[in-house]
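What follows is a set of notes on a single structure, which appears directly below.
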Amino acid sequence: MLAFMASDSEEEVCDERTSLMSAESPTSRSCQEGRPGPEDGESTAQWRTQESEEDCEEDPDRYACSGAPGRPSGLEEELTLKYGAKRVIMLFVPVTLCMIVVVATIKSVRFYTEKNGQLIYTPFTEDTPSVGQRLLNSVLNTLIMISVIVVMTIFLVVLYKYRCYKFIHGWLIMSSLMLLFLFTYIYLGEVLKTYNVAMDYPTLFLAVWNFGAVGMVCIHWKGPLVLQQAYLIVISALMALVFIKYLPEWSAWVILGAISVYDLVAVLCPKGPLRMLVETAQERNEPIFPALIYSSAMVWTVGMAKLDPSSQGALQLPYDPEMEEDSYDSFGEPSYPEAFEAPLPGYPGEELEEEEERGVKLGLGDFIFYSVLVGKAAATGNGDWNTTLACFIAILIGLCLTLLLLAVFKKALPALPISITFGLIFYFSTDNLVRPFMDTLASHQLYI
């Protein structure tokens, strides 16, 4: 439930596109070429006057480092707009897809709108005519739900603090197995019933097995980045549908407000569990759990991208089983073989390390609660489309503001408070003000 940039340190040597590179990262070749040496000042000045504009158009990255000579005026603002907007879009697309899947399911499959049970974390029912009793039950359900989330988060942080990577990895694998197999089987069965599509059980089991097996490989081992992102979106949508179905209506709204406050405290407080988790991962130079984080970054590891040794000059090392026990990569997962690039011409003996991941990372909890808010807006009451679209736009506006603050402060920030606050305000204002106004206009056949 946090958003953060993939950076190991708050002290950067570069800005704009490479602002996420830490001070310990090796300087790229383009940056080194742009810095004049003491012995070639005249040649640098000549190169600056003759080729600055041409090289800027062909390769803007060579001016990405601060202090590079010959940077044209306005290039910094152009790169900020280009790559800042790119990061926003790279998060808008998955969040939008997740919410679209949830809303489409709510509008078409009646199973997820039928109230025939509750979660064990919300034992108090709201089937009472008394408004006060219903409000009290929703508050009690919220306290129990938030307490469970706090305890499990602290438990996860303690396990990670003491390097219990295998236990955490097994925990995440069991959760992924349940989501990718059991919940997918239930979802697919209800969709087939809704659209009256006949399918025999062997074919259904085979489809679920193939879907789940590929998802487990992509999430917990290796696979294309796009496929991994797609499975994380599907997992978030399935979990959101479960919350929408089994959370009581009033309890769901109170839980959304409380979880945004908890997210604010857990990320920004010095001893907050999520902040301690991120800081510990940065100190150890390790990635956050791959099954809990959606990454919008371009990934250069062999596990997520295909490298052609003939064209890239890279050597892919074979997998060594002994590395599984010694490496802490991916929190106890088998290490991904790394690719080492050959020294570039003109730089003999210089060995470039693997380029650092850049981009914005968003927790899957944010996807889930964004979708819960929009799904509840689509499922409760009259299911008015104006209310649903208002919540959808509010979440995207809040996410955009969160990313703006992330670019300003350059540290892990909670992604729920702004979006959830806007979503709740837009929901209740649209449902109680805009919808009655539109209904009145329609009943009197007035058009604006």
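Each residue, glycine too, has its Cβ placed from N, Cα and C.
The topological domain 'Cytoplasmic' feature in Swiss-Prot is assigned to 1-87, 160-166, 271-358, 410-413, 435-448. The phosphoserine annotation in Swiss-Prot covers Ser22, Ser25, Ser30, Ser52. The annotation transmembrane segment is assigned in Swiss-Prot to 88-108, 139-159, 167-187, 201-221, 224-244, 250-270, 359-379, 389-409 on the grounds of sequence analysis. Swiss-Prot lists 109-138, 188-200, 245-249, 380-388 with the feature topological domain 'Lumenal'. Sequence annotations record features per position, and here Swiss-Prot assigns active site to Asp263, Asp366 based on similarity to another entry.
Highest Cβ pair count under 8 Å relative to the transmembrane segment (224-244), across stretches 88-108, 139-159, 167-187: 88-108. Helix, strand and coil residue tallies for the topological domain 'Cytoplasmic' (410-413), in that order: 0 helix, 1 strand, 3 coil [DSSP]. Listed by sequence, the residues of this chain that lie at least six past the ends of the topological domain 'Lumenal' (245-249) yet keep a Cβ under 8 A from its Cβ atoms are 111-115, 117-119, 122, 125-126, 137-138, 141, 255, 372, 376, 380. Here the transmembrane segment (250-270) lies next to the transmembrane segment (139-159) in space: the count of CB pairs under 8 Å, restricted to residues six or more apart, reaches at least 3. Highest Cβ pair count under 8 Å relative to the transmembrane segment (389-409), across stretches 88-108, 167-187, 359-379: 88-108. Nonlocal intrachain contacts for the transmembrane segment (88-108), taken as residues 6+ away from its ends with a CB within less than 8 angstroms of a stretch CB, comprise 187, 191, 194, 229, 232-234, 236-237, 240-241, 244, 294, 296, 359-360, 362, 366-367, 370-372, 374-375, 378-379, 383, 388, 392, 395-396, 399-400, 403. Every protein chain considered, the tally of other Cβ atoms within 10 Å of the Cβ of Asp366 (active site) stands at 26.
The Cβ neighbour count for Asp263 (active site), using a 10 Å radius over every protein chain in view, is 25. Within the chain, the topological domain 'Lumenal' (109-138) has long-range Cβ neighbours (under 8 A, six or more residues past its boundaries) at 144-145, 148, 190-191, 193-194, 241, 244-251, 253-254, 375, 379. Confidence in the topological domain 'Lumenal' (109-138), given as mean pLDDT, stands at 89.
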